[in-house]
Amino acid sequence: MKKKNLLFSSATTVLAITISLVIALVIILCVSEQPGQAVTALLLGPLRSTRLIGSIFTTAIPICFTGLAVCLMFQASMFNMCAEGSFFLGALAAAAFATKVPLPGILGLAGPMLVGAAAGALLCLVPAWLKAKLNASEMVASLMLNYIALYLGLYVLNTYLRDQSFGALASEKLPDSSKLDKIIPGTSIHSGIFLAIFFIVLCFLLLYKTSLGHKIRTYGQNPRFTKYAGIKVGSVIILSQVLGGAIAGIGGSVEVMGMYERFQWTSLPGYGWDGVILAILARNKPQYVPLAAIFLSYLRVGASTMASNTDVPKELITVIQAIMIMLITATALLKGMKQKMVIKEALSSGTDS
Amino acid sequence: MTDHEQVTPILEMRQISKVYGNGVYANQQVSLSVNRGEIHALVGENGAGKSTLMKILFGMEKPDQGEIVLEGKTVTFRSPQDAIARGIGMVHQHFKLVDSLSVTENVTMGYEPVKRGFIDRKTAKEKVSKIAELFELQDELDTATGKLPVGIKQKVEIIKALYRGAQILILDEPTAVLTPQETEELFDQLMKLKSRGYTVIFISHKLREVKQISNRISIMRQGKMIDTVDTDGITEQEISSRMVGTNYSKNLAKKAAEPKEVLLQVKNLTAVGMNKKEVVNNVSFSVRAGEITGIAGVEGNGQNELIQMITGLRKIDRGSVCIMGRDTGKLSIQELRELGMSYIPSDRMEDGLAVSMSIGENLISTKLKDRRLYRHHLLSKKKIRDMANQLVRDYRIKCDSQETPVSMLSGGNMQKVVVAREFTQQARLIIAEQPTRGIDVGAAKFIHEELIRLRDENCAVLLVTADLEELYQLSDNILVMYDGRFSAYFPNPDQVSETELGNYMLGVKIQSETEIGRGCHEEEKPAI
């Protein structure tokens, strides 16, 4: 039965992906003068060069972090949307620390990351604390907080970090000791990928192998039972959100230290929302996050190649994403088929175990 | 009823099958034939499929196979509205009434008489009044339903069904919530309805009542229809053995209690409800090691709030609770559990389990501090599995494996998961709230035996139950709760008859404070 459930949830995912791709193809056929080329670019484009293959991975790294962060928070059934703000603030805090307090060697990497983690954790703490103490809706609080994070960040950037000699609003250049090394020549893949893998393993162990993880998952499934079982509900809420925020914050610092010369985002980069998409695709299981991240970034890279070579804009990808998420979260999809199969099996075996 | 041969059935359900999403048969080729104007009892253990069959008849569930024939015509019900239109009415175990609305408004809801586009209250009241006379309820039509006692609410439900034109009335375990007195009254009214030509389908597992009221009995077991028999031709014993499948002895071996030191001491405990009313009002009692104290009462008289305060789920407004001599006011639930308190909650799905998680995960939820579950500081799958398998065997939990989600289990097996977890943490004080509600006889007996075993091993057991049979079988002494207070204490259950107990449950009789004070088990007179 457990296997059957897994089969149906993966079948639902595959079906959702297929349907959304088919719809994308139909749209391409309708709007494009060169549909053949566009489709090929979308589906096979990312494999055309090492550089493009590399960018599949570099696109996957930041969303891996936010995906893990959201998994952790959603496992506790807390629909905290602060991963976006945490990622942004994490990146900013890391850049601020790296430019203001340049440290040599490994400290140049660890320092900014820890500060980024703290910034991310702090932001996610707010909705968690409001929920634990005042039972305020974490979703509303976190959505609003993202704007506060953005404008607070921009204020700090503009007032304290701005490089006056640079033409646009950006921080000063990160010192070399605070940059992640490129590890494969000819691609943009940086050593942040090891950190991403490390955190995937860490999140898996945390959720499934520790007492705290058990408490988080139990709380997510049934808060009343958690309380009854003598688990301190408030600390479970707060820890799960703080850890999620910290991971998103580290993700932000890894991104800015791996991909950029300086911090120069002036709007929310959207990785937190991608994290939500990944968590849904991975069904809140950290072990599936890398798979989902690579899939999503493959599509993104495909869409970029399509946009630069044909007349189809890359925004098409958002259509695909939207349909995909809608269908995956539509729990009724395939439910009828599952029920029929269950009935057929029961009628044929004739038992009532 | 000797003329069954000439009577054509008003209703036939033929070869009905219903499979639930987890692959379990709720009904397997069940056929049921009901005659016009009879009271037809549908009996079976919990989980035998009675309620599912009736939900299918009332259009709440769609059968996967089979057909329903009503007065010779095949019918399909897509919703309860279809069933109502065909003259079928159902009174559910949990009433579907809006407490703030009046009796008339509840009865006519959705079927209000209309005049010039507006609800015609006058006609509504007249129409309802005519039916209500049958139940001597015509004076209560404007009362808000929430203010009425349970027995009357049930009558309102019946009136509602009749108002909607029911010819066939389904009653799902109607006596479960009633006192013995209210049950008698209900039976009188059912006989009246019968004499007026109504057909009644009466679901129950209380065989004495079934014998008393019904003309014919259909017996279900494990989703199948076993037989339909004339009530006059079968004894309670025979019905029981066919319900359970074997000749089942309900008798429990139990020696006299040997109470020792007090483990639970409740003093002047008070809980104030939402409307500033004391839902638990200055209650004192104690439970000693080696005894089972039963709390009887009609549901909603403060038992639940009392238990929530003892178990730490609800803030204590006034008074104190001492467990093992320690005041629990400042202790967390975890600390209470570490003191040796364990708790079987009345709502196992909501409070006692995380049903989407596996049996093993549910079993370890209160044992996360137990280092034996860890290897290299991480939870070990193997160690959890070994521990869970052991408990699954010891508590005879029927399942594929300990990885099965709890939601796939039957009610009885779910409750065994709760019990297995709660009874294996060095329990000294066991709070058992409706421990066998809605579970099969086998599992219930198992749980009863476990409770007695733990009592004999010197645990203190506090039992709250609405099931009088359970109360009498297990309790060494009985407290009766009425309107947030105790109305009686009986040091020995044999001293009090069920009818007498009913009087105290309804608050018709109340003992003196000195008599009730004996429940504190103190030498001197308790301070009041």
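The count begins at 1 with the first shown residue.
Using the three backbone atoms N, Cα and C, a Cβ is placed for every residue, glycine included.
All TrEMBL annotations are machine predictions without curation.
Features as listed in TrEMBL:
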type: TRANSMEM; residues: A:7-32; note: transmembrane segment
type: TRANSMEM; residues: A:52-74; note: transmembrane segment
type: TRANSMEM; residues: A:86-103; note: transmembrane segment
type: TRANSMEM; residues: A:109-130; note: transmembrane segment
type: TRANSMEM; residues: A:142-161; note: transmembrane segment
type: TRANSMEM; residues: A:189-208; note: transmembrane segment
type: TRANSMEM; residues: A:229-251; note: transmembrane segment
type: TRANSMEM; residues: A:263-281; note: transmembrane segment
type: TRANSMEM; residues: A:288-310; note: transmembrane segment
type: TRANSMEM; residues: A:316-334; note: transmembrane segment
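Long-range Cβ contacts of the transmembrane segment (A:142-161) within its own chain (Cβ-Cβ under 8 Å, at least 6 residues beyond either end) map to 79-82, 84-86, 88-89, 92, 95-96, 99-100, 123-124, 126-127, 169-172, 263, 266-268, 272. With a cut-off of 8 Å between Cβ atoms, the residues of this chain six or more beyond the transmembrane segment (A:52-74) that come close are 45-46, 80, 83-84, 86-87, 120, 124, 184, 186-190, 192-193, 196, 199-200, 203, 206-207, 216, 220, 240-241, 243-245, 247-248, 250-252, 254-255, 258-259, 271-272, 274-276, 278-279, 282, 284-286, 289-290, 292-294, 296-298, 300-301, 305. Long-range contacts of the transmembrane segment (A:109-130) within the same chain: residues 69, 73, 78, 80, 82-83, 85-87, 89-98, 101, 103, 136, 138, 141-142, 145, 149, 177-178, 180, 237-238, 240-254, 257, each at least 6 residues beyond the stretch ends and with a Cβ under 8 Å from a Cβ of the stretch. Proximity of distant same-chain residues to the transmembrane segment (A:263-281), defined by a Cβ-Cβ separation under 8 Å and at least 6 residues beyond the stretch ends, is recorded for 13, 62-71, 74, 81-88, 91-92, 95-96, 146, 150, 154, 157, 161, 168-171, 248, 251-252, 255-256, 288-289, 292-293, 295-296, 321, 324-325, 328-329.
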